[in-house]
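First the structure, in the form of structure tokens, and then the observations on it.
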Amino acid sequence: MSSDDEDLKLAMAMSLQDTSEPIDLTSSTDDDEDEDLKRAIALSLQEGSNNDEAQPPNKSTVAQTSRETASSSMGMDRKAMEQERLARLGKRKREPSPERPSKQASGAAKASGSSPDPALQYPTGVIKRTFATKYPRSDDITIDEVLEAPKVRVAVISSFMWEAEWLFKKLNPAKVKQIWIMNAKGKDVQQRWQREMEDMGVPNLEIHFPPMDGMIQSMHSKFMLLSGRDKLRIVIPTANMTQIDWGEVANDWQPGVMENSVFLIDLPRRHDGLAGKKESLTRFGQELMYFLEMQKVPQKVVEGVLKFDFSRTSNLAFVHSIGGSHKSESVPPTGLPGLAKAIQDLHLDNVERVELDYAASSLGAINDHLLSRMYLAACGKPFTPDTSTVPNVRDCIRIYFPTNDTVEKSHGGPDCGGIISLTQQYYNAATFPRECLRNYESLRRGMLSHNKLIFVRGRKKDGKLFAWVYVGSANISESAWGGQKVLKNGSMGALNIRNWECGVVVPVPDDRLTGLGLNSNEVAPMRVFEGTVEVPFRYPGEKYEGKQPWFFRPGPMNGNINVYDITSHQTYGSSKVWPGRGLDSTGIAGWLWELPDQFRRPHVSTDATAAYTIEMLKKQQPLTAPIHGLFTSPARSHPNAAHAKELPLHLIQLILTHLDHVGDLARITRTSRLFYYMALPRLYEHVTLRAYSEIRFVDGKPEGYGSGSPFAMGLNTLVSRNFSDYIRKFSVVGDWREHDVDDFKQGRVPDNSMILQVAMRAALDRMKNLESFAWELNMPPLQTVYQGLGARTTLASLTIRCQTRRIPRPTSILPPLPNLQTLVVYDIDPLCYPDDISLLLLGSKKLENLKLHWSPRMRAEGEESINLHSIFGRCIAAKHSIPLKRFAIYNLYTRNTMDGVHNALSQDAKAEMTAINSGNLSDPTTVFIDSSWKVQDTELATLNLKMIRTDNAEKEQAVALGKYKGLERLYIIGSRRGGPSYSKPNSSATTPATPCNMTPSMSNGTGSANGTPNTISESRCRSIASEYLAAIQTNHRTIRHLLLSDRWVLSDDALFRLCQSCPNLEQLGFASSVPPLESLRQVFALVPKLWAVRFLVNPSHDGTDRSELTDPDINGFALATEFWHPEYKNLKYVGYGEDLVFKLGGVYFPPKGKMPGAGVESNSLSARMSGPKRTFKIVSRESVKDIEIWGLDTGEFDPAFP
């Protein structure tokens, strides 16, 4: 053997040694081999020993020789070196050494198929279930078994959701070159992520983003290309690159919670070591190459894949969905047309009938159109105008999706169901195929599914049976498979795909389909898949039969709020999570982040306080993580991610529960990246845009200086940014400046008003989770906005402010809202073109709360223009009774025409009734109309009222109270504010000025809404009070809140009997003369649950000095020296008059030496001053607005229900 040959051997041995240095991400195996050959050529040209046998050098000699070779070869003739390299390469191909075959020769033997290579574990492909902790191992596979990290040199991984630190433990970036194909919408976001990734300094890691322009919303495809020395492993899983998706958990005692499926195939290197041509590949290889090219992965990846042999994939099909709009004649086809072409290539077409079972983790807007297209694709048929609808398609398709009960009873529970997605909007649609749904019940009891599997069984027209299975990332939605329609001209429209998806079709071998003993019209049973794929769920699945599916709700799995077990205080599931997702079909993505290792298992004390804190956290609604989270936070990043330290998530969540001010939330989002992720959804949960009729100035400059008004810029943010998914409550309030209002007289809407409606509709269309909407602008919404509201099936509360100007404008009929529970309409004026809510009342079957507020103008002017039949007429005609629980009316002035309006309201529902400035029989200017509403014998008595709030106490109402039982709260608003306005403070519908020539006021009277004083005699006032007190003491001993009129001055005996009859009183407001202190203690001892009391003062009461009754010093001294007695121990708040409120504290006992002596009378002033005292502080009326006897004691209109 020559010296040159020995040098060549030595160089090759050196080149094959492992190195710990970082590997160039753009290099390939072929490049490494070329470098080896160059070194060998340089060694062979050196002047060395001519001995026949060279002594093998030691390692130091090898290293030195390598350095010397590198320096000596610098001056060689490049042309000669290249010629020598080609000659030696040809010699190695022709005459391989018999002692040590070359790698090319070995590769040829492996690819030939004559003798299987033991290094190829799955040469023909296999489908396996993912591993699950605590479950028996069967035909499953772990993530470590998939990756085979010691054998991998380059890994190209595509996923929608990532746990970076967990993956780094599986594939060390210092040893394995990695390209991550990730989801990010927008060039600015992608560039920011790239910069942040570079700052992190992870070696050998490159992130790549496929095209995400236009309609493309999500990069949802999942695959791995794991390149090693001898093989390429292609992996197509349904799982994301997260710990929980691969069956692993954070703690040893926890079972797995999520199962997936994975397809694997090992491809050998080509025998010639060169890159093949795409045209010579199998259809599987060609489609894979096309998909990679369309995703614009680095060219080195494409060239590297072509160096492997795809010959064993001829019986498989790679199916993809490429985001974007595709012409119907696009080649090669993608989406459902691509699936149909794959079925044709596998000769599984020419079908007579098929049965299709689809297991998915996300369901989109499914209808017969999509099912028909899917059925046709499974038959290998194209979608054409002639085949657009398949008859009885729902009988052939079953969709496996978990019910709410299944998720609730799973190991992970609802908190782990965040990545399982179906919205109520889709499910409630009339076109949704509910009869196709089957409950997904895993064979591994207690596990949830993230699978996307299609099982197709059929019979061809020649009678031959066939079956195949799809494994991939595509769920059931047009976003995943593409939407396509037949145009009006009869041609096919474009195929619009919003997601990047990929998967593989694996046919069932023919030998599994023989000997089944079936009739000629039957298809193969599900058991034929045994040996090809292990069906992970029970079949045939249980029909829903009235059960509800699992509806999407943000949870810890896509909001990263850890779930805690109270007994062990261990975090459940994973920690460190990188860019991720919320929904497949709707394109909602999330970004998740983890804590350092030392915070994975927070040490929580076992005392009662910690247990209460954890329980409270479990009850909190999880937060949704923002779509642009990780790399777009305005907060500063840690310079070294490895040393980043953050608070545990449960402490951050606890902090956020105490923040409700928008300014606080906005500031905290800028403190750290983790706070940004968690606080941003809270920041945008409630959004209010306020418009002003005039420009406001701040520091001498108008608001919005340099751009638009705050209202306009806020609306622009909601339309153009990705925050709308977090909004649950949205309000627009204030005064909009309408221009060109004369256009209304010309029969059209002014442009600036119409543009506002269009922009508002665009914002509403992006609010997928909207629950409450309030339009409180001075101009009404138009049909454009109402149509947007009609599409929000999650909407539960609606508030509408009507216009108060008599400008002719279009009126709209509000559409029914199926889940509406609360409706508030205010400033209604029949002469100002109000919208029609009658259809909304009829069609909103879940409506429970209704508040109607008319302009006080009609009562003030005595104008009988209100017609209740225009509001309740549809309900009366349809004989529909609205099952209201709470009903409130303000400023009602209309005649009772006895046309069945009472029948429009259900008399059986437990209800709360509020009537303000409505039906005042004491006002002579309105008595003729109001008297028609005198309570009849059968009315109110049949209502099971629990709360009544009114500013008008009449004898007829007291009589009605005596005809039923069970009242719990009664609030009679008095005259202490000088007459309520009965309008919302920002409403333009204000009460007109009081006329100057009115009937003289009685001393115990009160003014009416229109300025006319009520003339109630003292005897009648006493009679009404007696009727009310008698009814309360007889029939309503259950009463808890009682606010009496300040005109009813109770005697000591009346107060005693009232408290004796109502022992459950918690809040009490009454007017009385000052009783003896001993009597007062006896009265309070009768109501041990009482904690808030008001001593009312009538400002017009004769002979009373109001200033003394409400003097804070006098009342403070009396309170401190009297209320320390044990009879008052439960009292927390005491009020005097209108605005004086005391908040009580503990009892102060002076030292023994300062206590009053034995000779001092206990009731003397000195004894009271030196004895025990009750501590207190004076608080504002505003601070007690949540206490009903203060908060509800007002005539001002508030759209919110208390």
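Glycine residues also receive a Cβ, built from the backbone N, Cα and C atoms like all the rest.
Listed in TrEMBL:
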ACT_SITE  HIS220  active site, nucleophile
ACT_SITE  HIS450  active site, proton donor/acceptor
BINDING   LYS222, LYS452  substrate binding site
COMPBIAS  76-87  compositional bias 'Basic and acidic residues'
COMPBIAS  103-119  compositional bias 'Low complexity'
DOMAIN    445-480  domain 'PLD phosphodiesterase'
SITE      SER477  site 'Interaction with DNA'
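A map of TrEMBL features onto the structure.
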residue	record	contacts (Cβ under 8 Å, 6+ apart)
LYS222	substrate binding site	SER158, SER159, PHE160, ILE236, PRO237, THR238, ALA239, ASN240, GLY472, SER473, CYS502
HIS450	active site, proton donor/acceptor	THR238, ALA239, ASN240, ASP245, MET258, GLU259, ASN260, SER361, ILE419, ILE420
LYS452	substrate binding site	THR238, ALA359, ALA360, SER361, TYR470, VAL471, GLY472, SER473, ALA474, ASN475, GLY503
Neighbour tally for SER477 (site 'Interaction with DNA'), based on other Cβ positions within 10 Å of its Cβ: 26
Structural state census, the domain 'PLD phosphodiesterase' (445-480) (DSSP three-state): 3 helix, 19 strand, 14 coil
Cβ atoms near the residue listed as 'active site, nucleophile' (within 10 Å, other residues, all chains): 32
Nearest-integer angstrom distance between the alpha carbons (Cα) of HIS220 (active site, nucleophile) and SER477 (site 'Interaction with DNA'): 13
